[in-house]
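Engineer: Quick one: structure below, then a few questions.
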Ligand SMILES: Nc1ncnc2c1ncn2[C@@H]1O[C@H](COP(=O)(O)OP(=O)(O)OP(=O)(O)O)[C@@H](O)[C@H]1O
Ligand SMILES: [Zn+2]
């Protein structure tokens, strides 16, 4: 994107609007052109609004005659470096997304709104030339000044924040300043501090872990999948890899799923690297803190960057490795706006920067497993649990024809009781929150439906509400049927709230801790809720998939999966994969300490071959079987898939739009054995928030076949003038919902 020519006085900018192009502006009036460089933000006028744009290039001419001047320069120095800009442009091309929206997605909210980066600049204290030349013992009669001098000699410049944390007083600093030994300079911000856990000596690596680590040289690009059973010490491998990267003077990026970035995870990492600057990027931060963390990463100041999906878009000038934990997790794929996959982009970033990329999971996605089995990725394995922990025993509990109590078989309740009586902990996994997923009238058959979505309302008894889990519509609970006024209403099916009532009654002597989205408004709340469990006292945990990941609770010896069947009969071809991952991850919470674990899995269809395979042989063979099925059905990852989506209050318009889209694409590339079209078909959730949703599905032998097709489609679709219709291209779509 280099510019040449004599007078590059036209600014080419990425503007956050849904158009797939850059926009030309004149420089702000009266500005010195030498203060401008790509990667800075500017205020620009756009269609009567004022927007924050990013300077991409400066060129001598524009094809347009009438250019408006940009309004104002925001940053004194670029916030995006060249590598990051190239990466964002690549991603925009690949996902057929407006590049301005990618820049906007990369920025933290405060910077997206135009707050100047200088606002977070830090004051740094450094040695002057005299200070550097001072003999070691020159200040021995002023021990505080001597200590500060020593610190600056050993660790280089220190920020005001760091000095405060280390208890160096302003008086001491002033004294050294007066002697001309130190000086303040302005520099990049440091990330907000993260409380550390108590530092513990790292364990000795076992043989498998050592082999894995040896297979990842840190001085060049490599793509690896670490398939390591639950509790096998994957996190320990990540920590060691990070250590090597930091020792080499580089930054380590660790991506974690939304649910995985708990204060517990952060404390563990902070404890391992007490001297390092760690930036955590997640939605739990206040706007200013997030900007501070982001800027410290972008300035190369933060050594370790831990974040959820959008952290992949952060500029990291000293990048040394990218690690993606729980790489199978669905939260790495953005489901609206720019529909990128942070996991897939991690590979691109690593290749661009020439550094290793490590994807880790006990239950790898079929995409990554396929890449590993076909030799595109290095396939690394950890087959054994680390330390003394042994794999749990798994038993199926058939529920058909059994007398269940609120969804639990009698022997399951008995096992829970025995576990608690032995002073151990039990975990019950339920895949639905709320009290019951439906409310119905026994007399006329009325069902509480969402008025905006094609779904039922979930009953939340504690709050006396009916809620839609798709659009968050809420209404108060009714006592009688709105249709026939009968008072005999029944709650159908079970949820976490309903199970909690039963379990709290049955096991009244023990704490019953419910963990779902309703009880954990924040990450801190989850941390607090789990505190008694971490203390190791007997207790009963119950909850949704929030409990499935990342928690290391060594006293849990019994895991109950209340209903294993949900995903086996879904219309979404990815449902069995997700069910397998969830069950294996939940089961993996059992027996992670010295005590053996047991898993009870309730099912109405214990003979189901996939369930049998999963429970008898484990996720590995199960996933390999699913891959063979996908090959037969010509589905991802054996084929590339993209969706063109449209939604509208008027279903006919969405369908017509997609009919035309399909016709357009077929005119360019007719259906063939290598390329097939399906649809428009209704999405699995046909109506959401009042809009009807449809998609056209395109599958191709090679990704390269899809790109030009979708690019042309976007060109056509950008001309759509129907403001009530929304459309999107979803490359490598993960959800058919
Ligand atoms: N080499 C080792 N020797 C002894 N203990 C170890 C070793 N490696 C890891 N551990 C311990 O084993 C436990 C599980 O390790 P870790 O959390 O790294 O596993 P994991 O594979 O990331 O787990 P999961 O993905 O299932 O959450 C931790 O308590 C960790 O401290
Ligand atoms: Zn709804």
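Indices start at 1 and increase along the chain as displayed.
Just so it is clear, glycine is given a Cβ too, placed from its N, Cα and C backbone atoms.
Those TrEMBL annotations? Automatic predictions, nothing curated.
Pulled from TrEMBL, these are the listed features:
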type: DOMAIN; residues: 215-382; note: domain 'Helicase ATP-binding'
type: BINDING; residues: 441, 444, 481, 484; note: Zn(2+) 1 binding site
type: BINDING; residues: 450, 453, 468, 471; note: Zn(2+) 2 binding site
type: DOMAIN; residues: 465-630; note: domain 'Helicase C-terminal'
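Walk me through the surroundings of each of these features.
Structural biologist: Residues near residue 444 (Zn(2+) 1 binding site) in space but far in sequence (CB under 8 A, at least 6 apart, same chain), listed by position: 481, 483, 484, 486. Residue 444 (Zn(2+) 1 binding site) falls within neither a helix nor a strand when secondary structure is assigned with DSSP, and so counts as coil.
With a cut-off of 8 Å between CB atoms and residues at least 6 apart in sequence, the same chain places 450, 452, 453, 455, 457, 458, 474 near residue 468 (Zn(2+) 2 binding site), listed in sequence order. DSSP assigns residue 468 (Zn(2+) 2 binding site) to coil in the three-state reduction, outside any helix or strand.
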Engineer: List the same-chain residues at least 6 positions away in sequence whose Cβ sits under 8 Å from the Cβ of residue 471 (Zn(2+) 2 binding site), in sequence order, or say none.
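Structural biologist: Result: 450, 452, 453, 688, 689, 690.
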Engineer: Considering only the binding-site residues 444, 471, 481, which possess a Cβ situated under 6 angstroms from at least one atom of ligand 2?
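Structural biologist: 471, by Cβ distance under 6 Å.
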Engineer: Quick check: which same-chain residues outside 441, 444, 481, 484 lie with their CB within 8 A of the centre of the Zn(2+) 1 site CB atoms?
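Structural biologist: These residues sit around the Zn(2+) 1 site: 442, 443, 445, 446, 482, 483, 485, 486.
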Engineer: If one looks at the chain holding residue 441 (Zn(2+) 1 binding site), which residues at least 6 apart in sequence have a CB under 8 angstroms from its CB?
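Structural biologist: In sequence order, 447, 481, 483, 484, 486, 488, 489, 490 meet the Cβ cut-off.
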Engineer: Have a look at the binding-site residues (450, 481) and report the one with the fewest Cβ neighbours inside 10 Å.
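Structural biologist: Lowest Cβ count within 10 Å among the binding-site residues (450, 481) is 481.
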Engineer: With the Zn(2+) 2 site defined by 450, 453, 468, 471, which remaining residues of that chain have Cβ atoms positioned within 8 Å of the Cβ centroid?
Structural biologist: 451, 452, 455, 457, 469, 470, 472, 473, 688, 689
Engineer: Looking only at Cβ atoms, how many others are within 10 Å of the one on residue 484 (Zn(2+) 1 binding site)?
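Structural biologist: The answer is 11.
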